[in-house]
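First comes the structure, then the notes that go with it.
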Amino acid sequence: MEQSRKIRQRNVNNIKHPKQALPIPQLEPHTYTSHLTTMPFIRLNPHPFKDLPSQTDPQALKSSIHSILNEASPLLPNLQTSLQKDPKPRPSPPSTAQVTLSQGWASDEFWVCRQSDHQDATKDGTGSWREFEDGLRHDHAEHEMEYTPSVTRLKQLLNWNKNDIWDSEMRVDVDQTRYWDFIVELNLIVHTFHPQALIRPRAFISLTLSAAMGRILSQDEVEPSGFITVQIPFRLSDPKEPGHEQLCAEIRNFVPPRTIFAHYASLEHVELLAESEDRTIRWTMATTSEAGGKIPQWVQRNWTLGGVPKAVVADVGLFIGWIMKRRGQREGQLQE
């Protein structure tokens, strides 16, 4: 608690942000590193369950979180500068924001990145900071199921926040950024597509790490700026991994028949750019994915055929539409 009192975190709605977004630094092509494994955490190739953060050792858990954030910190801005940007922004109704799309190869993985700027307001076509934070940071997987039509099943497999070793006062510093208020969970997400007779369900096992973040002003002071969410793929091994037999059984019992296990990695950063009546929320997301089965890679990457680039742009409109629907429901309840 003493450490918590020392950190004078300013209310994110009252902080003074620059009128313009800070320029993205030009970084060298990223190299993946991890303190715990010879391969990176944030990668398309799914991890075995033995790579999960510790549930018994608090120092090992913090080390895993630090390693993940140490990878994520340079990776997202590097992808934004290195991927090929589409010549024109894309609409994603009912959102009034245009979506900038970039895609291309980073190392041996194909990444898609999008960015959109939204007015911080409770009105049609956009959302407030509170609505973005509540919808994208808290109950991330549950909310994704609510606004994504293809998500038909969800199971939380592990929740580190409910573990006895969890330290709610944990702080992690990476360069000039401090992270706190962590959410760490392992989710099983099932997508169902139509026609179901032709396209088998896809299941994703995803470690989700979310954290508030801010710029370090001094040893005892940070300026909150937004939050980050990192999703890391894990795989169901066969035969079952020693020590994870129960987890494997839960997964197999939950997924529908004919399910194909697919995987993706993603990074999501939501930040406030300016303080004014029309201050801006910037939403950036990058992902690399593999649908598995017999869907060719070129189809998965094709906009016209409804591949990943089109899907990530559509997600903006789906989320904003969901925000508007929830807002209308709350307002209706207040009028009753």
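Note that Cβ sites are derived from N, Cα and C of the backbone, with glycine treated the same way.
Copied from TrEMBL, the annotated features are:
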type: REGION; residues: 79-99; note: region 'Disordered'
type: DOMAIN; residues: 111-323; note: domain 'DUF3074'
Same-chain Cβ contacts of the region 'Disordered' (79-99) under 8 Å, 6 or more residues past its ends?
24, 26-27, 29-30, 106, 111-119, 124-126, 284, 286, 313-317, 319-321, 324
Report the DSSP secondary-structure composition of the region 'Disordered' (79-99) as helix, strand and coil residue counts.
4 helix, 10 strand, 7 coil
Could you pull the average pLDDT for the domain 'DUF3074' (111-323)?
94
